[in-house]
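Below is one structure, written out as structure tokens, with a few remarks after it.
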């Protein structure tokens with residue numbers, strides 16, 4: 001690990017920029033989606049990839065975040081983390097989506113990364129279950 005990068009306290013994790021939080025959140029969500037798909041019995045690689053995309057695409061993540069906002073599910077602290085991720089300056093051009101959708105998805109990923117890194121695993125689990133259910137209902141997938 002790079003010198004100066006190792007962090008050990010929640011306070012230090014809280015100070016990470018939104019894109020770093022989103023980087024971790026992307027991995028957390030992708031891993032969970034893959035686990036759930038395998039648990040359901042999906043094993044063919046092309047089907048796994050196609051099914052996973054319906055959950056992890058920027059469009060799906062932004063839709064989940066919108067629903068969570070509409071239903072008042074997120075705390076003020078969580079909303080602030082979402083804003084931090086959404087407003088982070090990325091030099092990446094989004095593929096297959098518009099900038100607003102991409103930024104909202106980045107905010108969603110930042111929230112997941114934040115909850116994971118600050119050891120708020122109960123809340124992370126709650127939001128992951130909810131996100132998977134919402135994404136499945138939106139796409140007509142079994143949850």
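Placement of Cβ uses the backbone N, Cα and C atoms for every residue, glycine included.
If you check TrEMBL, you get these features:
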type	residues	note
DOMAIN	20-119	domain 'RNase III'
ACT_SITE	26	active site
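The average pLDDT computed for the domain 'RNase III' (20-119) is 92. Under DSSP, residue 26 (active site) is assigned to a helix (H, G or I) in the three-state scheme. With helix defined as DSSP H, G or I and strand as E or B, the domain 'RNase III' (20-119) counts 76 helix, 0 strand, 24 coil.
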